[in-house]
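Data first, discussion second: the structure below is written as C-alpha cells.
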Amino acid sequence: MMKFCKQDFIFLVGGIIIHVVDIGVDFWVASKYFCEGQYYWGILILCFRGLSSVVIQLFSYEWFKNDFENPDPEKLKWIFLVHFFHCGIFIRYWFALKYSYQAAFKQNSNGVVSEREHPNFIHKQAIDIMTDISMLKVFKTFLESIPQLLVQIYILMEHDTTSFCQYAAIFLSFCGISYSTVDYQISLRKSLPDKDEFHVLSKLVYLFYKLLTITSWILSISLITLLSVRSSVFLLILLWSCGFLWTWKQHTTFCKSKVMECLYRTVVGVILVFTFFNIKGTKTKIHISIYYATHTLLILGVLFIYWFWKPSFTKEIHFTIVGILTVVSLVLGIIFLLVYYRHFHPTVYCRQQTCSDETDGDSEGKDRMEVGRFQNFIMQ
C-alpha cells in the first residue's frame with residue numbers, strides 16, 4: 001500500500017475548501033433566483049443539492065455501521081443524528097484531517113508502539129478514509145454538480161440576461177467535476193495494491209479525458225433541451241434506464257443491504273448517463289468502445305438536427321460557440337481517452353472480492369471488507 005504524503009494532505013484541504021464554497025455558492029445562486037422571482041430555477045437548484053445530500057448521508061451512515069465490528073448503540077445514535085442533519089461528510093473530513101496530518105507530517109517512531117499508533121496503520125487509516133470521501137464526492141458530482149451545470153448552461157443559452165452568480169456556479173461545477181474525477185483515481189491507486197502509481201502526467205491526461213468527454217455531452221444535452229425539454233428528459237430517462245438495467249445485470253455486490261444495493265445501482269445508472277463507469281473492475285475495452293461510440297453518434301446527431309431542421313438558430317452566436325466547443329471537446333476528449341488507455345491505464349486489474357467473501361464469517365472477513373468496498377466500486 002502506498003503512503004499518504006504531504007501533497008495528499010494539501011489536496012485534502014483544497015477539497016474541503018471547494019466543498020464548503022460549493023455549498024455557499026449553491027445557496028447564493030438559489031437566493032438570487034428567488035429574489036428575481038425565478039422560483040422554478042431556485043427550487044430546482046435546491047432540489048439537486050438536497051437529493052445528492054440525502055444520498056450521501058445514506059451511504060455514509062451505512063458505511064459507518066458496516067465498519068464497526070460491535071457497534072455501540074449510543075455511538076450509532078449519535079452518528080445517525082449527525083447524518084440526519086446532513087453533516088456526515090464533515091465527520092469524515094474531520095477524521096481524514098486527523099489521520100492524514102499524522103501520516104503526512106509526524107515522523108515515524110523508532111520505538112515500540114501499539115498497533116493503532118504504528119505508521120503503517122495510520123497511513124492505511126488515512127487512505128481508507130479518503131477512499132470513502134472520494135466515493136461520496138463522485139456521487140455528489142453526478143447527482144448535483146452536473147445537473148446544476150446543465151441548468152445553468154440552459155439558462156445562459158435560453159435567456160439573454162446573465163449574472164456573476166451564474167458564471168460562479170458554472171465555474172464551481174466544473175471545479176467539482178475536475179476535482180472529484182482526479183481525486184477518485186488518486187484514492188483508487190493508493191488503496192488497491194495492484195494498481196500503478198498515479199503520476200502528475202497521468203493525472204492530467206485522465207482529468208482532460210473525463211472533463212472533455214463529459215463537457216461535450218453536457219453541451220449536447222443543453223442543445224437538446226433548447227430544442228425540446230420533453231425530448232431531453234425522455235432521452236435522459238431512457239439512458240438512465242439502460243444504465244440501471246445493465247448495472248442490475250452485472251449483479252453488483254457493493255452493499256450488504258438489498259435496499260442500499262438497489263440505491264447504488266440507481267446512482268450508477270445516473271453516472272452512466274454522463275460517463276463510462278466500470279462497476280466490476282474488469283477489462284472493458286468492448287464496453288467502453290460501445291459507450292463512447294454511442295455518445296459520439298448522439299452528439300453528432302444533435303448537431304445535424306440543428307443544422308438541417310433549425311437553420312435559423314444555427315446563425316446565432318450561442319449555437320456557434322456551443323457547437324464549436326462541443327465538437328472540440330468531443331475530439332480532444334476521445335484523443336485523451338486513447339492516450340490514457342494506451343499509456344497510463346493500469347495493465348493489472350484488481351482481483352474481484354465480492355460481498356459474499358466478506359460475510360463468510362472467517363477470520364479474514366474484516367480485512368476483506370476494508371478493501372472490498374472500493375474493489376466493488378471501480379470507475380475507469
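Keep in mind that glycine also has a Cβ here, set from the backbone N, Cα and C atoms.
Predicted automatically and left uncurated, TrEMBL annotations should be read as such.
According to TrEMBL:
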- 9-29: transmembrane segment (TRANSMEM)
- 41-64: transmembrane segment (TRANSMEM)
- 76-95: transmembrane segment (TRANSMEM)
- 167-186: transmembrane segment (TRANSMEM)
- 207-227: transmembrane segment (TRANSMEM)
- 233-250: transmembrane segment (TRANSMEM)
- 262-279: transmembrane segment (TRANSMEM)
- 291-309: transmembrane segment (TRANSMEM)
- 321-341: transmembrane segment (TRANSMEM)
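Here the transmembrane segment (291-309) has Cβ contacts under 8 Å with residues 213, 216-217, 220, 223-224, 227, 272, 276, 319, 323, 326-327, 330, 334, 337 of the same chain, all six or more residues outside its ends. Contacts between the transmembrane segment (9-29) and the transmembrane segment (167-186): present, as 3 or more C-beta pairs lie under 8 angstroms, all at sequence separation of six or more.
Panel annotation: around the transmembrane segment (233-250), residues 221, 224, 265-266, 268-273, 277, 279-280 of the same chain, lying at least six beyond its termini, place a Cβ under 8 Å from a Cβ of the stretch. Away from its own ends, the transmembrane segment (41-64) comes close to residues 23, 26-27, 29-34, 76, 79-80, 83-84, 86, 88-89, 91-92, 132, 135-136, 139-140, 143-144, 147-148, 151, 155, 169, 255, 257, 260, 263-264, 267, 373 of its chain (Cβ-Cβ under 8 Å, at least six residues beyond either end). Panel annotation: around the transmembrane segment (167-186), residues 8, 11, 14-15, 18, 21-22, 25-26, 28-29, 45, 134-135, 137-138, 140-141, 145-146, 148-149, 152-153, 156, 198, 203, 206-207, 210-211, 214, 379 of the same chain, lying at least six beyond its termini, place a Cβ under 8 Å from a Cβ of the stretch.
Residues 16, 19, 53-54, 56-58, 60-61, 64-65, 68, 125, 129, 132-133, 136 of the same chain lie 6 or more positions beyond the ends of the transmembrane segment (76-95) yet place their CB under 8 Å from a CB of it.
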